[in-house]
Ligand SMILES: NC(=O)c1ccc[n+]([C@@H]2O[C@H](COP(=O)([O-])OP(=O)(O)OC[C@H]3O[C@@H](n4cnc5c(N)ncnc54)[C@H](O)[C@@H]3O)[C@@H](O)[C@H]2O)c1
Ligand SMILES: O=C(O)C[C@H](O)C(=O)O
Ligand SMILES: [Mn+2]
């Protein structure tokens, strides 16, 4: 179908705006609908960046960029690709949290997302057809909005996380924006302020749970699979009681991925390997403490555990290296309300003389002397000076990753961690942090955010249309981020910088595609070629 006239200008995939040439303007019946001077893409980028820079707040900058995206996808991604480091916190986390919390009030545009309601399940197929409009969909990011970052249940407003994650796929790894689809499953919300808000745009009822909920998810997955058989299905920010269930249900059947469980596991393992590369210690010598053992915490724990087993420990030996702390304190085998993902990593009370006192982080740190402390608790400021100095008293280079997002929920600030450990801590944070000066050294802080890895992982998997996402492919991704940072530099970061995201996304993509070929999960033969063939670039 050929779009002309206003239909062409209003199609954000095809629109070139002022870059339409004189001939194109004539051919497409848009002569006179644009100012006469024909701009290049670079000139458009310059102009857009000037506009962007004149906005005072991250929120205003984000809104400007979303408008630009809705006008002209090519220009948006060209601009994004030239300023990845600067735009990531605006397009994505942490600013995205503000737009999710205020979605129904800020609302201007549905941004080509599919809004699927548990109350209108007969519409699922029609919605997916309407929104894709004949496009060949290869990537869906779907959320049900129950566990958005660390800010909880935001119902249909969570759709912005699907939109934002997809933007990072394209900016970081060159996923073709015409081939993607953001989806929100609206099963209700338990946030009372939304239910009471007349302007709330989602279903005004509490979350539907149990069989009806899982059947809804099933119906969506089945319909999407039928319509888009080559699709890579990315689940994002589902609630703690559903995320792992859903992943376990589909991961051996279709090409699917849970970002909070698997993506976070990969990037945290990569960060730990980067830290050990600096301290020259072995993974199998580490004592690991997860503070907050929910979707991400348990997902990371399993990935680090698997890595220890790969490095030669038996499962029983490896398990002894792990401690989980959640709301109840240190998790024991007799603790109430354990999740299935926590159970394999619980401890026995008989291991401690003061087991009943191990109900807070500091007491646990005192008792178990962790060398690695990872925070996915959503509890800000919980890595206190007391906790950290106690940890640092028993290990030379403590590895400390406060990963809770957005910024306001981080367990600690990087500069405090450096101060409290006299510059010894090896740190990664969930959100971007400026380098920290301490005692004459500039410390670069790695960002252990799954955004550093899910784009490359997805692109590689899609490039070869792998049957499933295997543990081997996941493992390959985790080991693909080394070798970029020079670990001998004082203040070196544990992970490569976001400014090189496009570069290392390609390393991840090719590594993952090759792994799929090696495991015979695809008919493709040449990983590099397959990745090059599928990669999209923003140009006219
Ligand atoms: N950096 C990243 O890439 C990344 C990825 C995923 C999640 N996260 C962050 O991790 C956090 C958790 O996300 P999730 O999806 O695992 O959520 P979740 O709700 O599944 O898990 C949070 C866990 O923290 C526990 N918790 C709550 N209060 C606690 C307390 N006082 N002490 C100890 N534990 C407590 C909860 O019981 C739950 O088990 C969020 O802030 C999220 O933004 C970061
Ligand atoms: O979205 C992010 O920034 C990372 C992660 O998926 C999260 O839920 O916090
Ligand atoms: Mn997430």
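Counting begins at 1 with the first residue displayed.
Keep in mind that glycine also has a Cβ here, set from the backbone N, Cα and C atoms.
A coil conformation is recorded for residue 92 (active site, proton donor) in the three-state DSSP classification, outside any helix or strand. Listed in sequence order, 164, 165, 167, 168, 451 are the same-chain residues six or more apart from residue 92 (active site, proton donor) with CB atoms under 8 A from its CB. The feature active site, proton donor is assigned by TrEMBL to 92.
Marked as active site, proton acceptor by TrEMBL: 165. DSSP assigns residue 165 (active site, proton acceptor) to a helix.
The Cβ neighbour count for residue 260 (divalent metal cation binding site), using a 10 Å radius over every protein chain in view, is 26. Sequence annotations record features per position, and here TrEMBL assigns divalent metal cation binding site to 236, 237, 260.
Counting only same-chain residues at least 6 apart in sequence, those with a Cβ under 8 Å from the Cβ of residue 449 ((S)-malate binding site) are 93, 267, 403, 405, 430, 431. For 405, 449, the entry in TrEMBL reads (S)-malate binding site.
Marked as domain 'Malic enzyme N-terminal' by TrEMBL: 69-251.
As annotated by TrEMBL, domain 'Malic enzyme NAD-binding' applies to 261-517.
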In sequence order, those recorded positions of 165, 260, 405, 449 whose CB lies under 6 Å from ligand 2: 260, 405, 449
Recorded positions whose CB lies under 6 angstroms from ligand 1, from 165, 236, 237, 405: 405
Coarse DSSP state, helix versus strand versus coil, of residue 236 (divalent metal cation binding site): coil
Under 8 Å by Cβ from residue 236 (divalent metal cation binding site), counting only residues of that chain that are 6 or more apart: 141, 142, 143, 161, 162, 165, 258, 259, 260
Divalent metal cation site shell beyond 236, 237, 260, criterion: Cβ within 8 Å of Cβ centroid: 143, 147, 148, 161, 235, 238, 243, 258, 259, 295
